[in-house]
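Feature list (source: Swiss-Prot):
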type: BINDING; residues: 16, 17, 18, 19, 20, 21, 22, 23; note: ATP binding site
type: BINDING; residues: 18, 19, 20, 21, 22, 23; note: substrate binding site
type: REGION; residues: 41-44; note: region 'Interaction with substrate tRNA'
type: SITE; residues: 107; note: site 'Interaction with substrate tRNA'
type: SITE; residues: 129; note: site 'Interaction with substrate tRNA'
């Protein structure tokens with residue numbers, strides 16, 4: 001499923017949409033194989049943002065060594081290129097210990113840069129484009145530009161509101177990759193297939209996945225997402241990248257009195273379902289991906305996973 005240099009370790013990659021069960025499967029497999037986990041999640045990489053990013057619990061982190069979780073200050077710029085650099089270093093250390101490497105996450109851009117290095121620009125999203133064009137027609141191009149500024153202030157600072165085509169394009173890239181267009185474009189091309197790898201994409205039935213997302217969203221709010229957000233805002237993280245992610249945007253609206261708690265839960269679940277759909281669309285384009293339906297461990301090819 002991927003060919004790399006002879007000295008590069010085999011990576012077992014567990015990918016898939018949010019709430020699909022990646023963490024639980026990866027921990028079970030890593031425990032069985034005596035391996036370590038490298039996260040490929042563009043939000044869990046930040047410190048302090050714990051509840052809203054659904055980080056592994058303290059028990060899960062203790063069960064198997066995890067890397068690139070809570071590794072970056074929230075105010076630090078962290079691109080796909082930087083992720084690749086840090087992941088390469090961690091993978092080399094794990095391999096030097098003679099332990100299997102499991103890469104786990106739903107940020108498709110991180111995985112593509114790590115495995116292949118080659119970034120293909122994502123295609124258009126007709127529904128999103130139509131929505132944004134309607135917003136521009138109804139409320140002005142500045143309204144679309146403000147939406148870009150919320151998720152990608154760096155690109156927004158470089159584009160005037162009048163450049164609607166490029167503003168919409170930047171929002172399309174963010175919608176499909178989960179990272180700002182500025183970070184996407186900073187990533188450089190490298191030789192494809194940088195590691196030998198086995199890529200498994202968790203793909204539960206849509207109704208099951210959406211049910212899991214709805215349940216987890218409510219659980220995150222019950223665990224204190226609004227309170228965590230209030231504390232993070234007080235600590236000065238209002239302008240940080242993770243504060244612009246789904247869940248924190250809505251929780252902040254509750255803190256600031258712009259949404260009720262139930263409205264925030266509903267909106268977070270809705271936006272998360274949309275993101276999960278885009279994640280699956282992304283992974284369907286990945287060469288060599290093996291899609292698994294639950295129960296995942298039973299669906300794994302015999303002898304095809306997790307060799308030291």
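Glycine is treated like the rest: Cβ placed from N, Cα and C.
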Coarse DSSP state, helix versus strand versus coil, of residue 19 (ATP binding site):
coil
Rounded Cα-Cα span from residue 129 (site 'Interaction with substrate tRNA') to residue 19 (ATP binding site), Å:
27
Within the chain of residue 20 (ATP binding site), which residues six or more apart in sequence place their C-beta under 8 angstroms from its C-beta?
106, 202, 203, 204, 209, 212, 276
Roughly how many angstrom lie between the C-alpha atoms of residue 21 (ATP binding site) and residue 107 (site 'Interaction with substrate tRNA')?
15
Return the count of C-beta atoms lying within 10 angstroms of the C-beta of residue 21 (ATP binding site), excluding that atom itself.
18
Extra residues within 8 Å (Cβ to Cβ centroid of 18, 19, 20, 21, 22, 23), substrate:
16, 17, 24, 106, 202, 212
Let me know how many other Cβ atoms fall within 10 Å of the Cβ of residue 129 (site 'Interaction with substrate tRNA').
15
How many Å separate the Cα atoms of residue 129 (site 'Interaction with substrate tRNA') and residue 17 (ATP binding site)?
22
Summary of DSSP states over the region 'Interaction with substrate tRNA' (41-44), given as helix, strand and coil counts:
0 helix, 0 strand, 4 coil
Can you check which residues sit near residue 18 (ATP binding site), meaning Cβ under 8 Å from its Cβ, same chain, 6 or more apart in sequence, and list them in order?
54, 106, 213, 272, 275, 276, 279
Please classify the secondary structure at residue 107 (site 'Interaction with substrate tRNA') using three-state DSSP.
coil
Taking every residue in the region 'Interaction with substrate tRNA' (41-44), what is their average pLDDT?
98
Using a 10 Å radius around its CB, how many other CB atoms surround residue 16 (ATP binding site)?
26
An 8 Å radius from the center of the 16, 17, 18, 19, 20, 21, 22, 23 Cβ atoms defines the neighbourhood of the ATP site; name the other residues of that chain inside it, in order.
106, 202, 212
